[in-house]
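Accompanying notes for the structure given below.
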Ligand code: DAH
(Lines of atoms letter the chains of each structure in order from A and count residues from 1; the text may use other names and numbers.)
(Lines give C-alpha, C1' and ligand atoms only; values in the text may rest on other atoms or scores of the structure.)
Protein backbone atom coordinates (compact mmCIF):
# COMPACT_ATOMS: atom_id res chain seq x y z
CA UNK A 1 0.00 0.00 0.00
CA UNK A 2 2.90 2.32 0.65
CA UNK A 3 4.07 1.75 -2.92
CA UNK A 4 0.63 2.58 -4.22
CA UNK A 5 0.55 5.74 -2.18
CA UNK A 6 4.02 6.84 -3.24
CA UNK A 7 3.26 6.10 -6.88
CA UNK A 8 0.05 8.14 -7.03
CA UNK A 9 1.25 11.08 -4.94
CA UNK A 10 4.20 11.25 -7.29
CA UNK A 11 2.07 11.11 -10.41
CA UNK A 12 -0.35 13.69 -9.06
CA UNK A 13 2.46 16.06 -8.18
CA UNK A 14 3.75 15.77 -11.75
CA UNK A 15 0.38 16.17 -13.57
CA UNK A 16 0.66 19.03 -16.06
CA UNK A 17 -3.02 19.89 -16.51
CA UNK A 18 -6.56 19.12 -15.49
CA UNK A 19 -7.13 16.36 -17.98
CA UNK A 20 -3.98 14.49 -16.88
CA UNK A 21 -5.22 14.84 -13.32
CA UNK A 22 -8.63 13.44 -14.26
CA UNK A 23 -6.97 10.43 -15.89
CA UNK A 24 -5.05 9.79 -12.69
CA UNK A 25 -8.23 10.06 -10.63
CA UNK A 26 -9.94 7.43 -12.80
CA UNK A 27 -6.84 5.25 -12.67
CA UNK A 28 -6.61 5.39 -8.85
CA UNK A 29 -10.02 5.89 -7.31
CA UNK A 30 -12.40 5.59 -10.28
CA UNK A 31 -14.85 2.68 -10.37
CA UNK A 32 -12.23 0.37 -11.78
CA UNK A 33 -9.29 2.20 -10.31
CA UNK A 34 -6.41 0.44 -8.65
CA UNK A 35 -7.47 1.45 -5.13
CA UNK A 36 -11.15 0.71 -5.74
CA UNK A 37 -10.24 -2.77 -6.89
CA UNK A 38 -8.24 -3.28 -3.68
CA UNK A 39 -11.28 -2.21 -1.70
CA UNK A 40 -13.34 -4.84 -3.44
CA UNK A 41 -10.88 -7.43 -2.17
CA UNK A 42 -11.93 -6.56 1.42
CA UNK A 43 -15.03 -8.77 0.96
CA UNK A 44 -12.86 -11.79 0.53
CA UNK A 45 -10.81 -11.15 3.66
CA UNK A 46 -11.22 -12.54 7.11
CA UNK A 47 -12.83 -10.14 9.60
CA UNK A 48 -9.48 -9.64 11.33
CA UNK A 49 -7.66 -8.78 8.13
CA UNK A 50 -10.51 -6.52 7.06
CA UNK A 51 -10.33 -4.63 10.33
CA UNK A 52 -6.74 -3.76 9.60
CA UNK A 53 -6.96 -3.25 5.85
CA UNK A 54 -10.33 -1.41 5.70
CA UNK A 55 -9.24 1.76 7.59
CA UNK A 56 -5.89 1.74 5.84
CA UNK A 57 -7.45 1.60 2.38
CA UNK A 58 -9.99 4.29 3.31
CA UNK A 59 -7.20 6.52 4.60
CA UNK A 60 -5.27 5.95 1.40
CA UNK A 61 -8.31 6.82 -0.71
CA UNK A 62 -8.88 10.00 1.29
CA UNK A 63 -5.28 10.98 0.94
CA UNK A 64 -5.31 10.46 -2.84
CA UNK A 65 -8.58 12.43 -3.14
CA UNK A 66 -7.28 15.37 -1.20
CA UNK A 67 -4.00 15.32 -3.14
CA UNK A 68 -6.11 15.41 -6.34
CA UNK A 69 -8.19 18.33 -5.03
CA UNK A 70 -5.13 20.26 -3.90
CA UNK A 71 -3.41 19.75 -7.24
CA UNK A 72 -6.57 20.76 -9.09
CA UNK A 73 -6.72 24.03 -7.14
CA UNK A 74 -3.02 24.65 -7.76
CA UNK A 75 -3.46 24.10 -11.50
CA UNK A 76 -6.43 26.52 -11.59
CA UNK A 77 -4.41 29.18 -9.73
CA UNK A 78 -1.54 28.74 -12.16
CA UNK A 79 -3.93 29.00 -15.12
CA UNK A 80 -5.40 32.22 -13.73
CA UNK A 81 -1.93 33.65 -13.09
CA UNK A 82 -0.94 32.81 -16.63
CA UNK A 83 -4.08 34.46 -18.03
CA UNK A 84 -3.55 37.58 -15.95
CA UNK A 85 -0.01 37.76 -17.23
CA UNK A 86 -0.94 37.16 -20.85
CA UNK A 87 -3.98 39.44 -20.95
CA UNK A 88 -2.32 42.37 -19.19
CA UNK A 89 -3.15 45.80 -20.59
CA UNK A 90 -1.33 49.05 -19.98
CA UNK A 91 -4.26 51.41 -19.53
CA UNK A 92 -1.87 54.34 -19.18
CA UNK A 93 -0.74 54.07 -22.81
CA UNK A 94 -1.92 57.00 -24.95
CA UNK A 95 -4.73 56.13 -27.40
CA UNK A 96 -4.07 55.94 -31.13
CA UNK A 97 -4.25 59.39 -32.64
CA UNK A 98 -7.79 60.14 -33.86
CA UNK A 99 -8.81 62.91 -36.20
CA UNK A 100 -10.97 65.39 -34.35
CA UNK A 101 -13.50 67.59 -36.07
CA UNK A 102 -13.48 71.33 -35.45
CA UNK A 103 -16.14 73.92 -34.73
CA UNK A 104 -16.72 76.10 -37.79
CA UNK A 105 -15.88 79.81 -37.24
CA UNK A 106 -19.50 80.70 -38.06
CA UNK A 107 -20.78 78.37 -35.34
CA UNK A 108 -18.19 79.72 -32.92
CA UNK A 109 -19.12 83.35 -33.59
CA UNK A 110 -22.84 82.51 -33.52
CA UNK A 111 -22.28 81.10 -30.01
CA UNK A 112 -20.22 84.12 -28.98
CA UNK A 113 -22.96 86.51 -30.12
CA UNK A 114 -25.62 84.50 -28.34
CA UNK A 115 -23.58 84.44 -25.12
CA UNK A 116 -22.88 88.18 -25.13
CA UNK A 117 -26.44 89.25 -25.92
CA UNK A 118 -27.80 86.72 -23.43
CA UNK A 119 -25.71 88.50 -20.79
CA UNK A 120 -27.58 91.68 -21.71
CA UNK A 121 -30.98 90.01 -21.35
CA UNK A 122 -31.67 89.09 -24.99
CA UNK A 123 -33.16 85.70 -25.78
CA UNK A 124 -32.86 83.84 -29.07
CA UNK A 125 -35.70 83.67 -31.62
CA UNK A 126 -35.80 81.73 -34.86
CA UNK A 127 -37.83 81.83 -38.05
CA UNK A 128 -38.12 79.81 -41.28
CA UNK A 129 -35.56 80.15 -44.07
CA UNK A 130 -38.30 79.83 -46.68
CA UNK A 131 -40.46 82.92 -46.02
CA UNK A 132 -43.55 84.44 -47.54
CA UNK A 133 -42.84 87.68 -49.36
CA UNK A 134 -45.14 89.35 -46.83
CA UNK A 135 -42.84 88.60 -43.86
CA UNK A 136 -39.67 89.19 -45.85
CA UNK A 137 -40.81 92.47 -47.46
CA UNK A 138 -44.32 93.90 -47.00
CA UNK A 139 -44.47 93.62 -43.20
CA UNK A 140 -41.10 95.37 -43.09
CA UNK A 141 -42.49 98.31 -45.01
CA UNK A 142 -40.94 97.22 -48.31
CA UNK A 143 -43.90 97.33 -50.73
CA UNK A 144 -43.95 95.54 -54.09
CA UNK A 145 -42.51 98.35 -56.16
CA UNK A 146 -39.77 99.23 -53.64
CA UNK A 147 -36.25 99.18 -55.11
CA UNK A 148 -34.98 97.27 -52.03
CA UNK A 149 -36.70 94.16 -53.39
CA UNK A 150 -34.61 94.33 -56.54
CA UNK A 151 -31.42 95.25 -54.66
CA UNK A 152 -31.65 92.16 -52.49
CA UNK A 153 -31.16 89.73 -55.41
CA UNK A 154 -33.91 87.56 -54.02
CA UNK A 155 -34.27 83.83 -54.69
CA UNK A 156 -37.94 83.08 -55.40
CA UNK A 157 -39.35 79.60 -54.85
CA UNK A 158 -40.56 77.86 -57.97
CA UNK A 159 -44.33 77.91 -58.53
CA UNK A 160 -46.06 75.33 -60.69
CA UNK A 161 -48.33 76.77 -63.34
CA UNK A 162 -51.72 77.57 -61.84
CA UNK A 163 -50.34 77.74 -58.29
CA UNK A 164 -51.56 81.14 -57.25
CA UNK A 165 -50.31 81.26 -53.70
CA UNK A 166 -48.42 84.43 -52.82
CA UNK A 167 -44.70 84.05 -53.58
CA UNK A 168 -42.31 82.39 -51.16
CA UNK A 169 -38.67 83.47 -51.05
CA UNK A 170 -35.47 82.30 -49.41
CA UNK A 171 -35.32 85.00 -46.74
CA UNK A 172 -32.90 87.74 -47.79
CA UNK A 173 -32.30 88.89 -44.21
CA UNK A 174 -33.18 87.91 -40.62
CA UNK A 175 -35.50 90.92 -40.28
CA UNK A 176 -38.71 88.90 -40.93
CA UNK A 177 -38.07 87.20 -37.58
CA UNK A 178 -38.74 90.63 -36.02
CA UNK A 179 -42.36 90.42 -37.21
CA UNK A 180 -42.77 86.80 -36.17
CA UNK A 181 -41.45 87.47 -32.65
CA UNK A 182 -43.68 90.55 -32.26
CA UNK A 183 -46.68 88.43 -33.26
CA UNK A 184 -45.73 85.69 -30.85
CA UNK A 185 -44.41 87.57 -27.85
CA UNK A 186 -45.83 91.09 -28.10
CA UNK A 187 -44.13 93.87 -26.16
CA UNK A 188 -41.96 94.48 -24.24
CA UNK A 189 -39.35 92.21 -25.80
CA UNK A 190 -35.63 91.78 -26.20
CA UNK A 191 -34.48 89.19 -28.72
CA UNK A 192 -31.74 88.34 -31.18
CA UNK A 193 -32.27 86.12 -34.23
CA UNK A 194 -29.15 84.51 -35.65
CA UNK A 195 -29.67 82.57 -38.87
CA UNK A 196 -28.99 81.81 -42.51
CA UNK A 197 -30.00 84.22 -45.21
CA UNK A 198 -29.81 84.04 -49.02
CA UNK A 199 -29.01 86.40 -51.88
CA UNK A 200 -27.91 85.74 -55.45
CA UNK A 201 -24.45 87.23 -55.12
CA UNK A 202 -20.93 85.80 -55.30
CA UNK A 203 -17.49 87.38 -54.87
CA UNK A 204 -14.72 87.61 -52.26
CA UNK A 205 -17.08 89.09 -49.64
CA UNK A 206 -20.45 87.68 -50.84
CA UNK A 207 -21.84 84.15 -50.97
CA UNK A 208 -25.39 83.12 -51.95
CA UNK A 209 -25.93 81.85 -48.40
CA UNK A 210 -24.55 83.74 -45.43
CA UNK A 211 -25.44 84.50 -41.82
CA UNK A 212 -26.94 87.45 -40.01
CA UNK A 213 -27.91 88.21 -36.48
CA UNK A 214 -30.91 90.47 -35.99
CA UNK A 215 -31.49 92.38 -32.76
CA UNK A 216 -34.74 93.77 -31.45
CA UNK A 217 -35.63 95.64 -28.25
CA UNK A 218 -39.11 97.04 -27.68
CA UNK A 219 -40.33 98.86 -24.60
CA UNK A 220 -42.05 102.13 -23.69
CA UNK A 221 -38.96 104.31 -23.64
CA UNK A 222 -36.26 102.59 -25.72
CA UNK A 223 -34.10 105.14 -27.58
CA UNK A 224 -31.11 105.37 -29.94
CA UNK A 225 -29.00 105.86 -26.81
CA UNK A 226 -29.88 102.33 -25.67
CA UNK A 227 -29.02 101.05 -29.14
CA UNK A 228 -25.61 102.72 -29.05
CA UNK A 229 -24.84 101.38 -25.57
CA UNK A 230 -25.89 97.84 -26.45
CA UNK A 231 -23.79 97.82 -29.63
CA UNK A 232 -20.67 99.28 -28.00
CA UNK A 233 -21.03 96.82 -25.15
CA UNK A 234 -21.42 94.01 -27.64
CA UNK A 235 -18.41 94.93 -29.81
CA UNK A 236 -16.18 95.52 -26.80
CA UNK A 237 -17.06 92.11 -25.35
CA UNK A 238 -16.78 90.42 -28.74
CA UNK A 239 -13.39 91.89 -29.71
CA UNK A 240 -12.10 91.84 -26.13
CA UNK A 241 -11.13 95.50 -26.19
CA UNK A 242 -12.97 98.81 -25.92
CA UNK A 243 -14.49 99.50 -29.36
CA UNK A 244 -15.92 102.88 -30.35
CA UNK A 245 -18.83 103.06 -32.77
CA UNK A 246 -19.81 105.72 -35.29
CA UNK A 247 -23.43 106.17 -36.38
CA UNK A 248 -24.01 107.43 -39.91
CA UNK A 249 -27.46 108.55 -41.04
CA UNK A 250 -28.83 106.06 -43.56
CA UNK A 251 -32.08 104.72 -44.88
CA UNK A 252 -33.87 101.42 -44.32
CA UNK A 253 -37.60 101.05 -44.99
CA UNK A 254 -38.12 99.33 -41.63
CA UNK A 255 -36.46 101.91 -39.38
CA UNK A 256 -36.89 105.64 -38.83
CA UNK A 257 -34.45 107.15 -38.17
CA UNK A 258 -31.93 104.69 -39.60
CA UNK A 259 -28.21 104.46 -39.06
CA UNK A 260 -25.35 102.48 -40.44
CA UNK A 261 -22.86 101.66 -37.73
CA UNK A 262 -19.09 101.65 -38.13
CA UNK A 263 -16.57 100.33 -35.65
CA UNK A 264 -13.23 101.93 -34.91
CA UNK A 265 -10.23 100.26 -36.53
CA UNK A 266 -6.72 100.76 -37.84
CA UNK A 267 -5.27 99.58 -41.15
CA UNK A 268 -1.66 98.50 -41.10
CA UNK A 269 0.07 96.69 -43.98
CA UNK A 270 -3.29 95.56 -45.22
CA UNK A 271 -4.47 94.12 -41.91
CA UNK A 272 -7.36 95.49 -39.90
CA UNK A 273 -7.21 95.93 -36.14
CA UNK A 274 -10.48 96.64 -34.41
CA UNK A 275 -10.66 98.96 -31.38
CA UNK A 276 -7.69 101.19 -32.24
CA UNK A 277 -6.66 103.86 -34.74
CA UNK A 278 -8.79 106.39 -36.59
CA UNK A 279 -10.26 104.27 -39.35
CA UNK A 280 -13.86 103.09 -39.53
CA UNK A 281 -15.43 99.90 -40.80
CA UNK A 282 -19.12 99.46 -41.56
CA UNK A 283 -20.56 96.45 -39.76
CA UNK A 284 -24.32 96.79 -39.47
CA UNK A 285 -27.59 98.55 -40.18
CA UNK A 286 -29.90 99.73 -37.45
CA UNK A 287 -32.46 102.26 -36.33
CA UNK A 288 -35.67 102.91 -34.45
CA UNK A 289 -38.35 100.47 -35.58
CA UNK A 290 -40.73 102.10 -38.06
CA UNK A 291 -44.29 102.51 -36.68
CA UNK A 292 -45.65 100.59 -39.69
CA UNK A 293 -43.41 97.63 -38.80
CA UNK A 294 -44.62 97.61 -35.19
CA UNK A 295 -48.18 97.70 -36.52
CA UNK A 296 -47.51 94.80 -38.90
CA UNK A 297 -46.29 92.84 -35.88
CA UNK A 298 -49.51 93.66 -33.99
CA UNK A 299 -47.90 96.17 -31.62
CA UNK A 300 -49.38 99.63 -30.99
CA UNK A 301 -46.79 102.24 -32.07
CA UNK A 302 -48.43 104.83 -29.84
CA UNK A 303 -47.58 102.83 -26.77
CA UNK A 304 -44.34 101.11 -27.71
CA UNK A 305 -41.11 101.91 -29.46
CA UNK A 306 -37.82 100.14 -29.96
CA UNK A 307 -34.60 99.67 -31.85
CA UNK A 308 -33.53 97.01 -34.32
CA UNK A 309 -30.26 96.10 -35.94
CA UNK A 310 -28.95 93.54 -38.40
CA UNK A 311 -25.34 92.41 -38.64
CA UNK A 312 -23.39 89.90 -40.73
CA UNK A 313 -22.05 87.02 -38.61
CA UNK A 314 -19.59 85.87 -41.27
CA UNK A 315 -18.27 89.42 -41.62
CA UNK A 316 -17.51 89.87 -37.92
CA UNK A 317 -16.01 86.35 -37.87
CA UNK A 318 -13.63 87.37 -40.69
CA UNK A 319 -12.70 90.51 -38.76
CA UNK A 320 -12.06 88.84 -35.41
CA UNK A 321 -10.20 85.81 -36.71
CA UNK A 322 -8.40 87.37 -39.69
CA UNK A 323 -10.05 85.29 -42.40
CA UNK A 324 -9.59 86.97 -45.78
CA UNK A 325 -12.08 85.25 -48.12
CA UNK A 326 -15.74 84.61 -47.30
CA UNK A 327 -16.17 81.97 -50.01
CA UNK A 328 -13.74 79.64 -48.21
CA UNK A 329 -16.23 79.50 -45.30
CA UNK A 330 -18.47 77.24 -47.33
CA UNK A 331 -15.98 75.22 -49.39
CA UNK A 332 -15.72 72.44 -46.77
CA UNK A 333 -11.97 72.27 -47.40
CA UNK A 334 -10.59 70.15 -44.56
CA UNK A 335 -7.28 72.01 -44.45
CA UNK A 336 -9.16 75.31 -44.04
CA UNK A 337 -11.48 73.84 -41.41
CA UNK A 338 -8.53 72.49 -39.39
CA UNK A 339 -6.74 75.82 -39.63
CA UNK A 340 -9.60 78.18 -38.80
CA UNK A 341 -11.84 75.78 -36.83
CA UNK A 342 -12.09 75.71 -33.05
CA UNK A 343 -11.65 72.90 -30.60
CA UNK A 344 -14.96 71.59 -29.29
CA UNK A 345 -13.79 72.37 -25.78
CA UNK A 346 -12.82 75.95 -26.55
CA UNK A 347 -15.31 78.13 -24.71
CA UNK A 348 -16.21 81.33 -26.61
CA UNK A 349 -14.25 84.31 -25.34
CA UNK A 350 -16.45 87.04 -24.01
CA UNK A 351 -14.96 89.77 -21.94
CA UNK A 352 -17.56 91.72 -20.06
CA UNK A 353 -17.08 95.14 -18.51
CA UNK A 354 -14.24 96.29 -20.79
N1 LIG B 1 -32.04 93.75 -42.92
C2 LIG B 1 -30.96 94.61 -43.30
C3 LIG B 1 -30.10 93.91 -44.32
O4 LIG B 1 -30.20 92.76 -44.51
C5 LIG B 1 -30.09 94.92 -42.09
C6 LIG B 1 -30.81 95.78 -41.09
C7 LIG B 1 -30.75 97.13 -41.16
C8 LIG B 1 -31.56 95.16 -40.10
C9 LIG B 1 -31.43 97.93 -40.26
C10 LIG B 1 -32.23 95.94 -39.16
C11 LIG B 1 -32.15 97.32 -39.26
O12 LIG B 1 -32.93 95.43 -38.15
O13 LIG B 1 -32.79 98.09 -38.33
O14 LIG B 1 -29.32 94.55 -44.96
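Every residue gets a Cβ built from N, Cα and C, even glycine.
Annotations in TrEMBL come from automatic prediction, not curation.
Annotation source TrEMBL lists domain 'Aminoacyl-transfer RNA synthetases class-II family profile' at 116-348. Residues or ranges marked as Mg(2+) binding site by TrEMBL: 256.
Confidence in the domain 'Aminoacyl-transfer RNA synthetases class-II family profile' (116-348), given as mean pLDDT, stands at 94. The DSSP secondary structure for residue 256 (Mg(2+) binding site) is strand.
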